[in-house]
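Here the structure comes first, spelled out in structure tokens, and everything after it is commentary.
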Amino acid sequence: MRKLYCVLLLSAFEFTYMINFGRGQNYWEHPYQKSDVYHPINEHREHSKEYEYPLHQEHTYQQEDSGEDENTLQHAYPIDHEGAEPAPQEQNLFSSIEIVERSNYMGNPWTEYMAKYDIKEVHGSGIRVDLGEDAEVAGTQYRLPSGKCPVFGKGIIIENSNTTFLKPVATGNQDLKDGGFAFPPTNPLISPMTLDHMRDFYKNNEYVKNLDELTLCSRHAGNMNPDNDKNSNYKYPAVYDYNDKKCHILYIAAQENNGPRYCNKDESKRNSMFCFRPAKDKSFQNYTYLSKNVVDNWEKVCPRKNLENAKFGLWVDGNCEDIPHVNEFSANDLFECNKLVFELSASDQPKQYEQHLTDYEKIKEGFKNKNASMIKSAFLPTGAFKADRYKSRGKGYNWGNYNRKTQKCEIFNVKPTCLINNSSYIATTALSHPNEVEHNFPCSLYKDEIKKEIERESKRIKLNDNDDEGNKKIIAPRIFISDDIDSLKCPCDPEIVSNSTCNFFVCKCVEKRAEVTSNNEVVVKEEYKDEYADIPEHKPTYDKMKIIIASSAAVAVLATILMVYLYKRKGNAEKYDKMDEPQDYGKSNSRNDEMLDPEASFWGEEKRASHTTPVLMEKPYY
């Protein structure tokens, strides 16, 4: 038995070692490469300038009346580079002693930079209407905003009314339409509160005092307990006004209510429920809408400024290409384009309503009978009725490219994976500020990534190869655009990219191994799928480390459990008859205890609150 334990332990450690390091794999070997997957740059896989791309018409980016120079070279591929100019002079790209090979790994140098534009990941909730979470207050479930990023320039328009939504909600004998959305007056005053007042108020709170103004405003609103329910995890949203540096807590978390069945736009009917909708309006450009979940490092992980001289694109094997299928709208300026993107962005607004307007009937009845608690309970729900609690999770038309020359706003719902340097464009998102612009395009990104990849591969080659001839081998990454012509290691003359503020060069004589499909999806070409079948998708190194740690821990736990099981089995085996006659064994006395109680949940022995439908499964509508 001891020998068996030793064998199991050795097997577990060997398995862990294989997961972490592989059999005979060198430490410096690229994690996504096989040892013999490199091909010389002049092999048949890398075609010359005359190579005919068979999918020109199918995937060519179309744009009507672009207004741009017909000789402009777009970064899109496989579009023809008809207007591309040759380099000013022929370059001696390779030393006579250099052997240059091209890597087969199709990595994306923009992965880290573009992480903040993965809105589904970084925000995780609706933008136009954010009702991404549910919370209980005094025994009743309500919806509330839950986005992790600030929404710059967002406010609420009350239809046919001069009342601003930042006015305190109506209370007492006030008519319903006399109030707005903000917290009613309190003593001491908690809303609105100036930035200086908040800093002083939380000066002794180590967790809050050093936060930036937006996160501080979000946490301040989260400190208020609704309906004196200290056990509730409901948190109010807030709006921060950059103009006067004030934090407004919103008593009403609803963001949209339209239609004659649900509201009345008649200003004269003061006691009827008002209609309202979210918007990015000129009067709101200093406002920022905040949920309880705004992360304290939002400046690093969330988009704020629009990107000048840039358009969102898709990384397709070595270059950033245009997104072929977009929705195009006219827009006079960036503000209008950003507003359009916001209107089409992810929304958690209910798709259907109950036949009986329970919540709004409460409001009317509350005012009629002067029942303050009824009015409060009616205002607390966040604009959604019980019949429909749709959650977008941040999926929507959240991105746009604004063409300043044609005054067109191109809106799309696919996550961009790179930026195209184009002086005619500004890239924007539904979260971004409607006016603020970032002017610095990261021109050196390609050159820096190429240098880093070549150095990493050189270390691997130095450890694995014994080259006695003195030839220096270079493994060039699959990056075919750079502001440094020599870094491309191109087998033909690179071409100058027109309309680029970075003076980029592009190498277009190496065949692409990926393409964009009709639904804006990047896929490996059919002829290369077998070659890339076993190569995992690119993940950051910290993800790989997590996998290694998790796998090691799992193996250790399994080995421990197995040893304990075998030890107990050994003890039980001593009680068994040596002839192994099953009729003498009997049954375990604890068998009934080991059986699962069908009335118990895996959370514990108590029944769930709703035993028949513990979780509501909804069909997503994308």
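Yeah, the Cβs are placed from backbone N, Cα and C, and that goes for glycine too.
As annotated by Swiss-Prot, signal peptide applies to 1-24, with the evidence given as sequence analysis.
The topological domain 'Extracellular' annotation in Swiss-Prot covers 25-546. Looking at the topological domain 'Extracellular' (25-546) alone, the prediction's average pLDDT is 80.
For the recorded site, CYS302 (disulfide bond), the DSSP three-state label reads coil. There are 24 other CB atoms within 10 A of the CB of CYS302 (disulfide bond), with all protein chains counted. According to Swiss-Prot, the feature disulfide bond maps to CYS149-CYS302 (among others).
Other C-beta atoms found within 10 angstroms of the C-beta of ASN162 (N-linked glycosylation site) number 6, with every protein chain shown included. Taken from Swiss-Prot, the feature N-linked glycosylation site covers ASN162 (among others).
Under the DSSP three-state reduction, CYS247 (disulfide bond) is assigned to strand. Residue environment of CYS247 (disulfide bond) contains 25 other Cβ atoms, counted within 10 Å of its Cβ in all protein chains. If you look up Swiss-Prot, you'll see CYS217-CYS247 (among others) marked as disulfide bond, on the strength of similarity to another entry.
Among the features that Swiss-Prot reports, disulfide bond is placed at CYS263-CYS275 (among others). DSSP assigns CYS263 (disulfide bond) to coil in the three-state reduction, outside any helix or strand.
According to Swiss-Prot, the N-linked glycosylation site annotation covers ASN286 (among others), on the basis of sequence analysis. DSSP gives ASN286 (N-linked glycosylation site) a coil state; it is part of no helix or strand.
Here CYS418 (disulfide bond) comes close to ASN108, TRP110, MET114, PHE312, GLY313, LEU314, TRP315, CYS320: these same-chain residues lie at least six apart in sequence, with C-beta atoms under 8 angstroms from its C-beta. Summarising the annotation, Swiss-Prot assigns disulfide bond to CYS320-CYS418 (among others) and lists similarity to another entry as the type of evidence.
The disulfide bond annotation in Swiss-Prot covers CYS337-CYS409 (among others), and the record cites similarity to another entry as its basis. Sequence-distant contacts of CYS337 (disulfide bond), defined as residues of its own chain at least six apart whose C-beta falls under 8 angstroms from its C-beta, comprise PHE329, ALA331, GLY400, TYR402, CYS409, ILE426, THR428. CYS337 (disulfide bond) carries a helical DSSP state (H, G or I).
Sequence annotations record features per position, and here Swiss-Prot assigns N-linked glycosylation site to ASN371 (among others).
What Swiss-Prot lists as N-linked glycosylation site is ASN421 (among others), and the listing cites sequence analysis. According to DSSP, ASN421 (N-linked glycosylation site) is assigned to a strand segment.
Residues or ranges marked as N-linked glycosylation site in Swiss-Prot: ASN422 (among others). A 10 Å cutoff on Cβ-Cβ distances gives ASN422 (N-linked glycosylation site) a total of 25 other Cβ atoms nearby, all chains included.
If you look up Swiss-Prot, you'll see CYS443-CYS502 (among others) marked as disulfide bond. Using a 10 Å radius centred on the Cβ of CYS502 (disulfide bond) and all shown protein chains, the other Cβ atoms total 18.
The annotation disulfide bond is assigned in Swiss-Prot to CYS490-CYS507 (among others) on the grounds of similarity to another entry. In the structure as shown, the Cβ atom of CYS490 (disulfide bond) sits within 10 Å of 26 other Cβ atoms. Secondary structure at CYS490 (disulfide bond), taken from DSSP and collapsed to helix, strand or coil, is coil.
Residue environment of CYS492 (disulfide bond) contains 17 other Cβ atoms, counted within 10 Å of its Cβ in all protein chains. The disulfide bond annotation in Swiss-Prot covers CYS492-CYS509 (among others).
The N-linked glycosylation site annotation in Swiss-Prot covers ASN499 (among others) and is backed by sequence analysis.
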Glycosylation sites compared (ASN286, ASN421, ASN499) - highest count of Cβ atoms within 10 Å: ASN421
Which same-chain residues, if any, lie at least 6 apart from CYS507 (disulfide bond) yet have Cβ under 8 Å of it: GLY318, PHE480, ILE481, LEU488, CYS490, PRO491, CYS492, PRO494
Most crowded position, judged by CB atoms within 10 A, among CYS275, CYS409 as disulfide-bonded residues: CYS409
Cβ neighbours of CYS263 (disulfide bond) where a neighbour is any other Cβ within 10 Å: 18
ASN162 (N-linked glycosylation site) versus recorded positions CYS149, CYS217, CYS275, ASN422 - nearest by Cα: CYS275
Using Cα positions only, nearest of the recorded positions to CYS502 (disulfide bond) (CYS247, CYS263, ASN422, CYS509): ASN422
